[in-house]
Amino acid sequence: MERRDRMRISTAQKFGWGSQAQTGRRFVLRIFMVILSLEKLRQGSLLCMTPSHGNAHSSAHRAMSSTKPPTTTNKRKRTSNAHDEAPAKRVPEASSSKVTLDDSQPAPATSSDAVLGARSAPGTDYERVPFSTLNLSPPTTAAIERMGFETMTEVQARTIPPLLAGKDVLGAARTGSGKTMAFLIPSVELLSTLRFKPVNGTGVIIISPTRELALQIFGVAKELMQGHSQTFGVLMGGANRKAEADKLVKGVNLIVATPGRLLDHLQNTKGFVFKNLKALVIDEADRILEIGFEEEMKQIIKLLPSENRQSMLFSATQTTKVTDLARISLRPGPLYINVDETKEASTADMLEQGYVVCESDQRFMLLFTFLKKNLKKKVIVFFSSCNSVKYHAELLNYIDVPVLDLHGKQKQQKRTNTFFEFINAPAGILLCTDVAARGLDIPKVDWIIQFDPPDDPRDYIHRVGRTARAGKSGKSLLFLLPSELGFLRFLKVAKVPLNEYQFPQKKVADVQKQLESLISKNHYLNTSARDGYRSYLQAYASYSLKKIFDVNKLDLAKVGKAFGFAVPPKVNISVGSVKAKKSRDEDESSDDDGQPKKAYYRNRGRK
């Protein structure tokens, strides 16, 4: 775009909001628990305390000779005993949202005991169990020390010992609990103990729902396997398939893969040796199924050898489909581990959560004001569509609010570069779709902003899981229209505690006229704004909670103003399910046109 078109948007003078009320009761309770724990420790009755690290990685290996791995009879047995300024907030009244819950409300799914098998004891104290108690191989122990981990998280302390003992595990743990290390350590130890070599082919396969999560797991595996001789690699859509195939033929002992690309290689890559597979890990199983890979997973399970294979399945939620996948992938009677079943909240304890109610035409100005105030923080902003991310990133960068953007329509190299740039940045703003909402371990995120609300409380939980990880604190803010307040009832059922945040109107930068002038004069931004506006309506029309998110009740004049239009443009939107097509896209694009069933919207603002 030409620089002469540039029109700067001026903001109000320096502003701030009142500091949040502190919860003294929680602080006193924590002090009391620390004193009690110290007393128990003195008496020798306390096993452990809350670990300070979240993402730990570990490996277990078994001996292997020539081309055929020996049987794994000598498995090591382990016992499993069992400053930034924030808006003022207020607790909303219980009767403030008058919404009748109906059959569309997501209900907690249960799993069959026949599938789950034995349960590890949830009442056992697993705090501060050191990794040194696991008797891991020297290379793995050294790698864990280099990574800065000393003690295990609860999911690691409850999962790693039975996995080292060769058991199958079905694990349920909230995001940020350290489960990546929980399955990587036994996997690496397994390959090491079996002395896998490239000629033996693949011994461990780890399946991940998204490319970004696959890259992250691969990065952790790389650190963990630094002192080992085994080979490792990643397979994912968007990467060079021929280069992947060449490496597979040479022999890759540990593979991290997305479902579609893995199935492709299993079916079509000659020379890919996976007959010696000894461990299968399915991470974020619920998400894999949600985005439409149920049939691919069934085919993968059918193609992989099951004899003498250890399997691990991790899922944040236990749905019927997850249970069915566990039934076909795990051996009978797996150990079921749920580290969250005794917790009162579904989100992290150190997470401060709030929501703000504002009309559509105030949304961008409030977001702009918030981001300007938090430029020195690390912030992730979630949108419902790729085009909306693209438009807001172009606009904010144009008006001197530097941001990064990440969504499913970007080429893989762009996504990868953006992902690692944000991870390594001490501060910054990332605009994204739900492609970044699951499993990714992004350090030191201060704020999660859900500019477009999710359609399901589970998606809300996964989004806010990008902050307050590994015992650290974090904050989240959910934007809601007045008509969307009923969503709070669903969050309450899902055990998500929120306070209402109030932003003083005089503190919000009134840049509407400048925004409309810029969009009307800059052709490039105008086109991008039109695409973002259309995609926002498409995504809204695809929401399943129609009584709360009803596209026909939107004030389009106000929605148009949020995208910089004095008069909302005429656009065609698909009122079919965006998710239906999205589910087939391994990119996890949140902005697909769906089927060509069209509705026409123009100038339908409320009087």
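Numbering starts at 1 and runs along the chain as displayed.
Note: Cβ is positioned from N, Cα and C throughout, glycine not excepted.
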Of the ranges 19-22, 283-286, 499-502, which one does Swiss-Prot list as motif 'DEAD box'?
283-286
DSSP helix/strand/coil residue counts for the motif 'Q motif' (129-157)
17 helix, 4 strand, 8 coil
Ala173 (ATP binding site) has how many other Cβ neighbours within 10 Å of its own Cβ?
22
For the motif 'Bipartite nuclear localization signal' (362-378), the number of residues DSSP places in helix, strand and coil:
12 helix, 1 strand, 4 coil
Treating G and I as helix alongside H, and B as strand alongside E, what does DSSP give for the motif 'DEAD box' (283-286) in helix, strand and coil?
2 helix, 0 strand, 2 coil
Cβ density check for Thr180 (ATP binding site), other Cβ within 10 Å (all protein chains) comes to 29
